[in-house]
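Chemist: Just lifted these from TrEMBL, have a look:
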- 1-18: signal peptide (SIGNAL)
- 27-151: domain 'Bulb-type lectin' (DOMAIN)
- 343-429: domain 'Apple' (DOMAIN)
- 391-745: domain 'Protein kinase' (DOMAIN)
- 453-476: transmembrane segment (TRANSMEM)
- 710-745: region 'Disordered' (REGION)
- 718-745: compositional bias 'Polar residues' (COMPBIAS)
Amino acid sequence: MQARALSVLLCLLATAAAFLTPSASTDDAIGLASSISGNQTLVSAGKIFKLGFFSPDGADGRSYLGIWYASIPERTVVWVANRQRPVVDGPGVLELAADGRLVIADAKNATVWSSAAPTREVTSRAVARLEDSGNLVVLSSDGREESVAWQSFDYPTDTLLPGMKLGVDIKAGLTRNITSWRSPSDPSPGEYTFKLVIGGLPQFFLFRGPTTRIYTSGPWNGDILTGVPYLKSKDLSFEVVASPDETYYRYFIRDASMLSRFVIDGETGKLRRYQWSNGRWNSFWFYPNEPCEEYARCGAFGYCDSDRSPMCSCLPGFAPRSPEQWGRRIASGGCVRKAELSCGGDGDGDDGFWVVDRMKLPEATNATVLAGMNLDQCRQVCLNDCSCRAYAAANYSGMVGSGCVIWSVDLLDMRKYSMHVQDVYIRLARSEIDALKAAEHAAVHRRHPRRTVVIAVAATIAGVLLLLAVVLCSFWRNKVRRKPQFEMVSAAAPTGGARKRRLDADWKCAEKDGDLPLIDLEVIQEATNNFSVENKIGQGGFGPVYKVKTSNTQLVNLINAHISHSVLCHSVDCADEGKRKLLGWKKRFEIILGIARGLLYLHEDSRFRIIHRDMKASNVLLDEHMVPKISDFGTARMCGCDETSAWMLWKEGRTVDLADEAMDGDFSTSEVRRCIQVALLCVDVLARNRPLMSSAVMMLASENAMIPEPNEPGVNIGRNTSDTDSTHGLTSNNATTTTSELDPR
């Protein structure tokens, strides 16, 4: 009987022990005095993340405790505990110590790494659990509820996961940055760091090394980060909170099944957002992705505009500090005032303010914020301070300005957008204000001249003009009839009345355009051998294209005066079908690079900025040396090419199928894939997603270039936020929280 009672008692004790130490037997947690080592792992409840020891390729036996995605075959590490202190005498062991610290020990039981002290006292029920968010948390329980004593989200490495904060918690004494890996085989802190800089308005910076700023999000104005006003998406939302105790940025995913991560890339020095789809990580967007996103590219009191060439300009009332350097497109020296400030007083010579409204706010970490003022009060404070350069509303939540931010330092890192961002009031001398107003008035007058003529007078003038037009047309027709008819020999050239009408129309158009000198028909006939069929090299959207061979300096000077780049010349030949087999991949790749460089010249380096708008194979000609020449500049139509097949092959990983069969497989697979990838980027439905030609040339020419994943041509993955989208701001208790939608650019 006693033996039976003892058996029952032992059974009850075993059951109780199991309930008291639940962490010891679960897959997602460890409890006090329990551990994992070697190949053992913790797996989150939803099987989204794993925690365990890993050794990167090329790590030479060094091992680290990390977190990675559980469902992805290729290990993608998102957090590393001991990134600066690897386990070299393995295998490593992770355990939860009695004081609530996580401890990593080596095979000799020497402590390699331990977590920070828990923020609250832990009990015997404490566990370390891996959550489905990717957060490793130490939980303390009093039997009724659990509370977080420590969490990995407070100590990011190179990746920001959904829900993770990037910023500063002053009350808790935490600074949450992301820092790149030193190399793919070394997770120790690398060269690049993305972090919040406190002071003035909140602003996030990408640093190279400890002090060199290479990119910034722009100041937070209570509504948006002004350096990324297009940041919207249907899949993601973001939040910025600014309060006296804590300032941070974080983002969330609307679809819980979607995997997304925000990473600082140590090899390229860029911030990248990735999304898992179709069995691989696709680059959603990256920053910086164009020259205007480089920090302070145009220097003090300058601003950058990616739609202009050159991109750098001075703010109104300012001029280049060094015109010579600006002429060579070196704008880092910035701009200086055209007229000095008078500083103070209320007379006619006082200073004033000029408003710019489509600008990224200047760097505001050294600005002064006066929360209790309105804009009128802010203006007066600025006028009374001789060092004040500009002011704006400190909080623009709900598109209504409140508070005041004053810049008493040089205005840096401004950029122009096509959309309204926020009004910035630039302080200028009164003479400059008057000059700018006069210029603005003159421009408006040129666009909209006054119409003070009464209807009767207008009708009379219209009648006179109509009569004059009839007389001139009659005179012109008689004059044309008296012109000798040219004998047409070539069957390829227009004939008869149609050709005469075309010549008349072209002559009239040329007379109207003072920038196009008239060329005698005899000169063109001579240059084309009387429009000989042997000289015809193609058919453009507006008629045949002829090879020109001439010594006539008038025609040569006309062509060279307008476009002088070597890729664009006046004597070209085209490759026929028989020559295709003579073109190996090396020559084809040179042709691709030549076309890209030609477009780069047209877009950014030509005296005239030219957008071709009809680039296709038939508009690229090859001379006798197989050097590409861009042709057919007369069209204004978008190419009607079908990119569907290229996209489908790209998705299926079969881009090499697009290579010409005439090459018999003799080509570089990586270069073919790179060409197709860049081509798909260039036909993105959103213009802001397309790379600049300078970037396209760099991506094509460099084997190590990081190229973003293209979107499907003709498919808009998000709303066009440059039109009507806006964010929604909430303000309470001196803390500003804005939730918005993110769109790639």
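Backbone N, Cα and C atoms are what each Cβ position is placed from, and that goes for glycine too.
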Chemist: Let's see if you can do this one: DSSP helix, strand and coil counts over the domain 'Bulb-type lectin' (27-151), in that order.
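Modeler: Helix (H, G, I), strand (E, B), coil: 0 helix, 56 strand, 69 coil.
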Chemist: Determine the mean pLDDT over the domain 'Protein kinase' (391-745), rounding to the nearest whole number.
Modeler: 65
Chemist: Give me the DSSP three-state residue breakdown of the domain 'Apple' (343-429), ordered helix, strand, coil.
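Modeler: Its residues divide into 12 helix, 28 strand, 47 coil.
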